């Protein structure tokens, strides 16, 4: 490395314009500017390296903040640019802007374009390797934006004690377009949200890292530079942003990490001995940028609104503290063998001079202690000694590279090669261990997530079990209630059937009696008609006798006779017509009553069928209860398996801790080996002996590590065999579960067919109910018709009695035969009246019975519908239980697949990594954008490549070398 140089952190201040909400609210514009380096807030001046007003363009900000860093990075220095400020102050606009707009693009796209333009203008003997990484710090966890599966990366230190993010994706690029595609890909995975102050508020700190390595193909000089481009999330005041829930948790973590950054800045500004870099992952990553080997520029973004005056002052104070921090920058150069040799000789000569100086001073000190007085000419002259050291440095620097080997160095080239090979081997083992630790940590994270999923699954299974138990108790209670109701319905149906049979028998008896009375009434009517004819003859005879009276009397008698004849014939006709209508109506009534009898018999059959269906439903419900018990048994088995998997996870974590302890032990041994090498370089006379001892010690350590590694491999193989056996057992169990599922499916089909049969039966009952309603309406019409006919018969009877009374009075003067005939007629009429009263009573009784049946029928139908609904509810509960069991089986299968995938990934990790090759960039030629982006994982400072080298020379792209 070159000689170190100090430089302070550059702090730029930028004010954004007032936004629409601030203008609407009527906020004041508070900053006042004095020149280009000072801003005044509330009468207090704040000085920075540059102050940008609200009308400053993106290009002006870039030219002042970032343009010079491009040259520094390509010359081997480290650089950092990050934006700091409250939320909605313009940080993301400053760093990113509109990535694809030439006017509004921010620092990141402009610096990417400038890096490649600067490379294309440099010497063609230089070859560049550029790789980029993009990650964010969200909820104090490092998340790779180019590989979203990496959600909790760790921060490590390389051999120079420089922090880096281990395991993040590093993508080689050879054109600005590829870099912009990478930025677009990562930006789509960032966490953003809407708050009261910003519609696109960043919820994480994003870090875009550009790593540039260059090599001079002629002098073999290698330089490397890193550029961190950081977009910090803004500090938030919850009362202004209105954050709630997850946004509130994010705001807490953002403010915590920014507070850690402020503590680091304050500690560096005050010059305290302890700097709290490890308080957060963000300050740990930026450790080299704050007080380390880096040229750092901080852009503090401020709001000009009086509404945010307190936050603006806090941001300005942060910038003033950061401006006092000093970094020590050094060119990151990899020395060649000759340069290392020259440096060794120079340091060796310095060491010899310093040793002689120490010896001189010790002799002089001893003489003073012994009481001697040392003359001035024999005393140590510091200025003379410094002059000799400077002269020696000049001689060594001017000495050509082909200087012969320094005397006193007794290591041969073979021994040096062996030591370098051993050292390389140890570094490789260390890299392998680091990679294994990373894989184990990722596996532990996956297993932890799986354990959380299993716990959630277990909790849901318990809730489902409790719900099913409650549902089962409810169904059992409803089943008992339904059984009682069915018994009551059956009893009511039996009573109804008995009553209906009785009423049917009574209706038949009354019908027979009514027919007999009708026949007797017709006979009486014929007798009455004959009597009327005889009476007519007698009237004619009396008329002939009365002709002898005066003509007036005879004409009067004629008129009376004609009136009597007319009245008598009309009465007979009306009586005959009424008798015919009554016969027809009673015939229709007998037909309706026979229909009702057949329908009641059909209802009795349906009731028996429903009783059989109810018994079948009870049997199926018992079977469903047995299946539910089997499902509960399976759930308990799954809980036991989840417990075993949890124990396995604990064992894996214990093994991971053991591996970490082994790695720590290896690190300690590596430190010891490096110390022994330094001692070996310092020792002159015993170098060969020391080298042999170091070699033997290293061989012994390597042998012991090899044995430990073999033991670990054997234990891991045994563990893999156990896991394979477990997988076999799980597969057998899965096969059993599939057979059980098939059986349940067949039973489900049977239940489904039974449900369809019940639906058809219910439809038939509905049709029968409609028919019964129609019969009820017809019977009602029949009752009205019978009532009308009875009223008509009663009126005819009154007319007949009145006419008979008048005629009896007229024929009172007749002989005794006529009187005896009228008495017989009175007896017949009284007999008919008694029969009519009995018929009326029978009709009223039938009407009352029909009304009772109408009242009981809705109750029975309601009970029947309730029974059908409960049967459907039981079937739906059984279906839900089967679906829950199927979901449990599916989750269990997914868990088995996850375990298989973890074992498979573990086996793949042991096979090592395939080679990965970077894409070199030659200055002076533009490159063709590659459609692919080879990804690599950083491990111990090595680059593992997975594609062939693509060299670009003289504006043309050469094909990959096949050899």
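Just so it is clear, glycine is given a Cβ too, placed from its N, Cα and C backbone atoms.
Residues or ranges marked as ATP binding site in TrEMBL: 85, 86, 87, 88, 89, 90, 91, 92. Positions annotated as coiled coil by TrEMBL: 330-364, 416-548, 593-909. Taken from TrEMBL, the feature compositional bias 'Polar residues' applies to 927-963. Positions annotated as domain 'Kinesin motor' by TrEMBL: 8-325. Annotated region 'Disordered' per TrEMBL: 924-963, in sequence order.
Sequence features annotated in TrEMBL and their locations in the structure.
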residue	record	CB count, 10 Å
85	ATP binding site	29
86	ATP binding site	24
87	ATP binding site	24
88	ATP binding site	27
89	ATP binding site	27
90	ATP binding site	22
91	ATP binding site	26
92	ATP binding site	24
Statement: Per DSSP (three-state), residue 88 (ATP binding site) is coil
